[in-house]
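I have a structure I would like to understand better, so I am pasting it below and will then ask my questions one at a time.
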Amino acid sequence: MVQDFTCQLLSKMTDLKYLTAIRLDACELYPEFLGNISRNCQCLSEIGLSKCAGVTDEGINNLTEHCKDLRVLDITCCHELTDAALAAIARSCKNLRCLKMESCGLFTEKGLEKIGADRSFLHELDLTDCSIDDVSLKHISKCRELQILKLGLCIDISDKGIASIASSCKHLQELDLY
């Protein structure tokens, strides 16, 4: 876990205009942190927030509002996030190529519908251990450029959902169903 002073230090940095990637995995973040980072680092194309405490829908909204060129977003195990975060991502991150959201249990088919509706260039999607079903996979099948799809531990999917993916995602190279 990164020390609290590190997060405070990062929030004081006001001119990181060339920073393109930051990995804060397993940090404990305060609510304003993502807003501060996004306003000061608008060239971010990659951010890792895996297993971070304190990542909220509001934080993701602030992040995506300013960092519109995100290509990689890892929100694995950010357990407070809901469909509102997915709506913010879908609305603002038009160039997103990789979205990792393993073990985010509050997302529903409505949130995944937003991701599927406008993610024609999404190449990698990790939904491992998420509460998704065949309807969710039908929405995801609209991501026609998908190359990597991880669905391990998704117990509510069936052959019908996988068939939706197989018929639409012709560029798929890796399908993880463990």
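Just so it is clear, glycine is given a Cβ too, placed from its N, Cα and C backbone atoms.
These came from TrEMBL, pasted as-is:
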{"type": "DOMAIN", "residues": "53-177", "note": "domain 'F-box/LRR-repeat protein 15-like leucin rich repeat'"}
DSSP says what for the domain 'F-box/LRR-repeat protein 15-like leucin rich repeat' (53-177): how many helix, strand, coil residues?
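Taking the domain 'F-box/LRR-repeat protein 15-like leucin rich repeat' (53-177) as a whole: 46 helix, 18 strand, 61 coil.
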On average, what pLDDT score does this prediction assign to the domain 'F-box/LRR-repeat protein 15-like leucin rich repeat' (53-177)?
95
